[in-house]
Amino acid sequence: LGHNSSFLQGPAFAPPRIREAIWCGSTNATTEEGKELNDPRVLTDVGDVPVQELRDCGVDDDRLMHIISESVKLVMEEDPLRPLVLGGDHSISFPVVRAVSEKLGGPVDILHLDAHPDIYHAFEGNKYSHASSFARIMEGGYARRLLQVGIRSITSEGREQGKRFGVEQFEMRSFSKDRDLLENLKLGEGVKGVYISLDVDCLDPAFAPGVSHIEPGGLSFRDVLNILQNLQANVVAADVVEFNPQRDTVDGMTAMVAAKLVRELTAKISK
């Protein structure tokens, strides 16, 4: 899904590149914690939602978001599958989180890693914009807590919306002070689980140049892994979004970065 991007629609082309990089022969199929991705009990690919084909048939965004939510619910009916969704732009998070919350019967806690808060009411008049996904999530009551980490491009509206919804926003300018807290998070007590939304541009562009919105001053790759690997939580679903292959450099470097994020999220989610 890419048409809700405000700048470039390249993230629509990311999923096949990420899949290819996951199984690239330059690395092995074992995660850092020792889980084997070749084991279908750890990672199973259930295919694609045909987003562009649906749009070509005249399906509008309200209906498309409903189809995405229902598709995620279908996956969750196959116990013990848990959805790990490849974007695409960040607008995908709204229908996925909605599906997870509705299927589990209550709100989740969300750990959101991103350079941007994506909480505009309706960016450029589009309520489904990739810059508005978390406004829709919070309005719908699908999340109890929303922690946003890596923020370094935020407007006054982003801060006001954060206060309105009680969002915990951790900006990069204070990351050194917040590091110990963020690398020892415990989330999900009293709710249905934890959802992780990982925008590749949370990383400094030195690590991941293949993104639409290049924002210097971000997290290192190891910063992100420390946050994910040390997180104490029942992670019930996740997404990896906003990788743009059309802006990637150095022979698919960002594709490998996105794939490693998927691999390590898989280790975190799988039981």
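Including glycine, each Cβ sits where the backbone N, Cα and C put it.
Remark: Asp114 (Mn(2+) binding site) has His90, Gln148, Val149, Gly150, Ile151, Ser197, Asp199, Asp201, Cys202 as non-local neighbours, by Cβ distance under 8 Å and separation of at least 6 in sequence. Residues annotated as Mn(2+) binding site in TrEMBL: His90, Asp114, His116, Asp118, Asp199, Asp201.
Taking Cβ-Cβ distances under 8 Å and a sequence gap of 6 or more within the same chain, the neighbours of Asp118 (Mn(2+) binding site) are His90, Ser93, His112, His130, Ala131, Ser132, Ser133, Phe134, Ala135, Asp199. Sitting within 8 Å of the Cβ centre of His90, Asp114, His116, Asp118, Asp199, Asp201, and not among those site residues for Mn(2+), are the Cβ atoms of His112, Ala115, Pro117, His130, Ala131, Cys202, His213, Val241, Glu242.
With all protein chains in the displayed structure included, the most crowded Cβ environment within 10 Å among the binding-site residues Asp199, Asp201 is that of Asp201.
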